[in-house]
Every structure is written in C-alpha cells, then in structure tokens.
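The block underneath contains the structure these notes are about, expressed in structure tokens.
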Amino acid sequence: MFQTLTQKLSNIFDKIKGSTALSEQQVLTIAREVRIALLEADVSLVVIKDFINNVVEKAKGQEVIRSVTPGQMVIKIISDEMIKVLSSSETEQALHIEFEPLVNIMMIGLQGSGKTTTTAKLAMRLAKKNKKVMVVSLDIYRPAAREQLETLVRNHETILSLPIISNENVFQIIARSTKEAKLLGCDVVIYDTAGRLHIDEPMLQELSNIKEIITPKEILLVVDSLIGQESVNVANQFNQTLNISGVVLTKIDGDSRGGAALSIKYVTGKPIKFLGTGEKTNDLEEFHPERIASRILGKGDIISLVEKAAEVISKEDAAKSVEKLKKGSFNLEDYYQQLQNINKMGGISSILNLMPGINKLLPKIDQNPFDQNNVKLQQAIILSMTRYEKLNPDIINGKRKKRIAAGSGTSVQEVNKLLKQFQNITSLLKSEMKGNNILRDKFNNLKNFF
C-alpha cells in the first residue's frame, strides 16, 4: 500500500533531514520533487496544486528558513498538510449506526469495485460489535449476484441473509427485508445495490428510488483504488445524485501509488470510512487519516499494528516476541510461530505496511521469504526439524539437512536458503534495533500497548 509514494518521499526527506540551513530556492526544489512524486502517484491535480502551494507558503516563512532544524520543520509541514488532505471531522468519519432501532446502510458503486465483498466484510465487522445484521442483495441483474452475497456470509451464524425468492423486483425485496428485519430484531440492514460498468441515468434513478424508500443512515460508495484519480470522477457523479455519506476504498493492498486515497476526500468533501486491504472477510479496516499519513510518510502505523496483533497474539506472547526482536535472539521455533501469527494478521504484506522505517529495511532483505507460497515452504521445512534443531539452528549440518529436506518434500538447497534467510533477517533486525532509536522506541511502544 502506497509503497512507491512512500519510497519517493522518504528519499526526499533523507536529503533534507539533517539540513542546518535551507534557502527559499532549496524549498522550491523540495516542493518540485514532492510534486513529481504526487503526480507519479496519480493524485488529482487539484489536490497537488493546493498541497504544494500550502507547503511552499509555510516552508518559506522566516521561522523555518532560520530555524535550528529547517529540514525537520519542512518535513513536519508536509506531514501536517498530508493529514489535512485526508482528514474529516470525527462526526463525519464515524459510521452512524447508533441510537436507532433499525439502521439501513446502502452500498453503491460500479461493477467490479468489490461492493458485494465489502458488504459482507462490513456485516462481519458490525457483527463483531454485537450488532444483529442482515444483508440484502438488490442486484437482480448480475447472474448469481444474490447467491454470491449469501455464500459470503453463510458460515457466520450472527449474520442473517434474506432468503432469495426468484422473480422479485428490487422494491418487493426491500419490502420483504424490512418486514423480516423488524420481525427478527435486527439492528442493521445492509443493502447491496446493483452496479454497472459505467454510471448511467437508469442506474442513478434506481438508486435514488431505493434511497427514498429505505432512507439509509449511511450511503457508502465502494471505489476501486486501482483506478487512481478517476475515482474522483466516479465519486463526484454518485455524490451529486445521492449525497453519499462516505467512501470505501477497495484493493488497497494492490495499490502502490495511493492517488485515490489522497484525492477523494479533498475533492468531494466526503470522508473515506474504510479500506479494503485484501480478499479475506476480515480485511476491512477503519480509515484513520493520521495513521494513513504516517504510513505514506514512511513512519509506519504502530497503533494499527498493535490492533491487528491484539486479535491473534496474547499479551504474554507479545511481550516475549518484542524482547526477542530487540535482542535478535529469535530461533526457528519463534520464527515458525511468527509466520503463523502473520498469516492470521492478514499476511506479511499487510504487516510490513505498518512497520516504521520498513521502506529502508526491505531493500536489505531478500523479499522472497515474504512471498505467501514461500512462507508455506518454510513452514514445511521447519516442521520437519526436531525441536532441538529449531532451538539451535547452528547445529544443522549436512546430514541433518538431508533428513529435513526428505521429510518436508524439499531439497537441501531450499533448506539452506531458509537457514540463510532466517540468519539474515534476525541479524538485520538485531542491528536495526540497536542502531535505530526510532525503530527501537516503536517496538517498546508495541510492548507497552499490550
């Protein structure tokens, strides 16, 4: 998520971080480099223009030029402006589902944006907060669309799916769902509306009619982040007709640029409320402007990392892991446990995006160990070891490697590769934790959060 933009901004910041003096011309040069980085990230031109103008205006002030650490002050200005671009008020940012006996949520968006999957993800998120949720598909046009939604929530006992009756029109489905939801005592009904390949008048008219009937508390526009600044045009068109309450950006895990996230709220005035970060049903996270700005600027997002970890790791295990990371005393048994935890937390890519300074660490590490298929291979190899070998990887000689390879269905070369990768990762973490005060402090904070 945002890797390309993060890397470019980090390179710019590295040039000025230790500067003891900055001329106005140097400030303009920095601004030009930031502008190029934002353009390459496919950020809306309107956003770029205002963002750069605000940064230059504040950075050219005499208090910055003559300050003791002008480089750091410029970085702070860029950070503050980034948060402004992304931010909404707390009232706008929140999902309004309280204080009413039955809340209707309307999901809208183009076909292929991930609307149906997001509907199921949102239902599961609300169910975890002890809300009784019903999902209702109003997509009577796309083949098997209603069945898809039903399948996505089938294994979740706390989520109800309105039974499918053939040949009903949209408004008959709404009438039946309203009756059923009240009868069953539901707190929230989420309506998954039909999408189109392109926005057209019949689509908008149907959505307007649905809105009038169900009077939704929330109208959430689901947008594919991979379409970049085109997402702004999509959001504007829907907003003009329906007055959306917020946006859900999907496929964020595949978006290395971040143009949509940096453009939509600023141009439309509507908050981004959620991010779809993967294909799993729990891959939906709340949008926190300050945290996202921190990720984009290469500072990581330690709070979100803690929240993810808290769902799968006990306090005791977390404390032990942090201490071992700090000391660089991982063994292969620890490594295997971390691989399991990582999978539970959404995979290594989602974790790395939250790590402070990770954009600088990654070039030093062979990224192959983080490939999902390779993770499974590594787990198989480790499972073929004795516990003594896991605790003392240095004793694994040629004879042991042959046995481990045979037991895991791999080759000696692959066993060697795992051991080398493990050694590189643990050595790197140990050196970085010792030499990087910021990174070390973040890990200490992680322990304190637990």
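Glycine too: its Cβ is placed from the backbone N, Cα and C atoms.
Lys115 (GTP binding site) has a Cβ environment of 26 other Cβ atoms inside 10 Å. The GTP binding site feature in TrEMBL is assigned to 109-116, 192-196, 250-253.
Within the chain, the domain 'SRP54-type proteins GTP-binding' (271-284) has long-range Cβ neighbours (under 8 A, six or more residues past its boundaries) at 1, 86, 88, 92-93, 95, 114, 117-118, 120-122, 124-125, 152, 220, 245-253, 261, 264-265, 346-347, 350. Taken from TrEMBL, the feature domain 'SRP54-type proteins GTP-binding' covers 271-284.
With all protein chains in the displayed structure included, the most crowded Cβ environment within 10 Å among the binding-site residues Gly109, Gly112 is that of Gly109. For Ile252 (GTP binding site), the Cβ neighbour count at a 10 Å cut-off comes to 25, with all displayed protein chains included.
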